[in-house]
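Colleague: Heads up, here are the entries from TrEMBL:
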TRANSMEM  44-63  transmembrane segment
TRANSMEM  154-173  transmembrane segment
TRANSMEM  185-205  transmembrane segment
TRANSMEM  217-238  transmembrane segment
TRANSMEM  244-263  transmembrane segment
Amino acid sequence: MSTLYPFHWEVVKDYYINTIYAGWRDLMDNKSDPRTRDWPLMDSPFPTIAISLSYAYFVKVLGPKLMENRKPFELRKVLIVYNFAQVLFSAWLFYESCIGGWLNGYNIRCEPVDYSNSPRALRVARGCWWYYISKFTEFFDTFFFVMRKRYDQVSTLHVIHHGIMPCSVWWGVKFTPGGHSSFFGFLNTFVHIIMYTYYMLAAMGPKVQKYLWWKKYLTVLQMIQFVLVMVHSFQLFFRNDCNYPIGFAYFIGAHAAMFYFLFSDFYKQAYLKREQKKEKIAANGKLSNGYANGAVKSNGELPTEINGNLKVEDNNKFDGYYKSTLASQLPSDTTTATTRQRIYATAHN
């Protein structure tokens, strides 16, 4: 029995390996779109997966290690040029998605993939491939964070979002370049026009940054995008007459749902809880003038002491002029005289 078991195991192993490999080759060679099969990086998903994993390793491990004993790079001009280029790239992709279909005859409820070699169908397929390439150019967002030692920006959400997107889009270009699920790219390129415009303006420095109060609404816009993609994808669940691979629609819908919850959690942590914390501090009197929890403040700077030296007794009554031991403790030099005048001025207010 012991001599037969290895023989049987090898037979079973070879059978399953050969079956899986044959099925894989059939999927890649016969089930995919023949138009995109020979395009760069389209033969197999493994190069894309390798690039994405290398990206994650670099920005989370290798990059910070290389920058450990280096000063942050000053990349203001580089960022302006890079983000401007991304605005142009996104604008062109959005234009292609509009002309290719979504503002030129595509049906919002059901749009099959046109696998023909017509000029319009090939234009849509090429646009999808360039959208796939754009997911790699977006890696530079994170590379620049690492080079500037802005590690707080290299969050798990950021890395997951940028690392998964090339792999997800690869499957779309390989099997369904166009049609129903390209709605995601249509919305995403529009969002990226606004997003990279914001980044470009933010890189121009404080004179421009003061006008960028709408930063948090970029996250809201991203979340709206994901909701629209979910609704658009999952609507096919309620109809069976759409000649589109339903599995891809569900995949895109699930992908959008995952990112919606990730982005909504980020929004709560970055904005809602921060605002609630500020409101709580203000309610406790830590950001207000006058009396707060028994302490005296002047312009929000004198809770229980002046310049960290002179204590104010909480139970002192000033009778309009703050009669306390405070004035007698102040030396009579010029600087302190000015301080005394400020204290008495505060008493009159």
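Placed from the backbone N, Cα and C atoms, the Cβ positions cover glycine too.
Provide an account of the burial state, proximal residues and distances for the features listed.
Modeller: Here the transmembrane segment (185-205) has long-range neighbours at 76, 79-80, 83-84, 86-87, 90-91, 93-94, 97-98, 102, 127-128, 131, 134, 141, 169, 211-212, 214-215, 218, 221-222, 225, 228-229, meaning same-chain residues at least 6 beyond its ends whose C-beta is under 8 angstroms from one of its own.
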Colleague: Same chain only, please: residues at least 6 beyond the ends of the transmembrane segment (217-238) with a C-beta under 8 Å from a C-beta of the stretch. Say none if there are none.
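Modeller: The answer is 108-110, 180-181, 183-184, 187-188, 191, 194-195, 198, 244, 246, 249-250, 252-253, 256-257, 259-260, 263-264, 266-267, 270-271.
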Colleague: Who are the chain neighbours of the transmembrane segment (244-263) in space, where the CB to CB distance is under 8 Å and they lie at least 6 residues beyond its ends?
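Modeller: The answer is 110-113, 157, 160-161, 164, 168, 171-172, 175-176, 179-181, 184, 219, 222-223, 225-227, 229-230, 232-234, 236-237.
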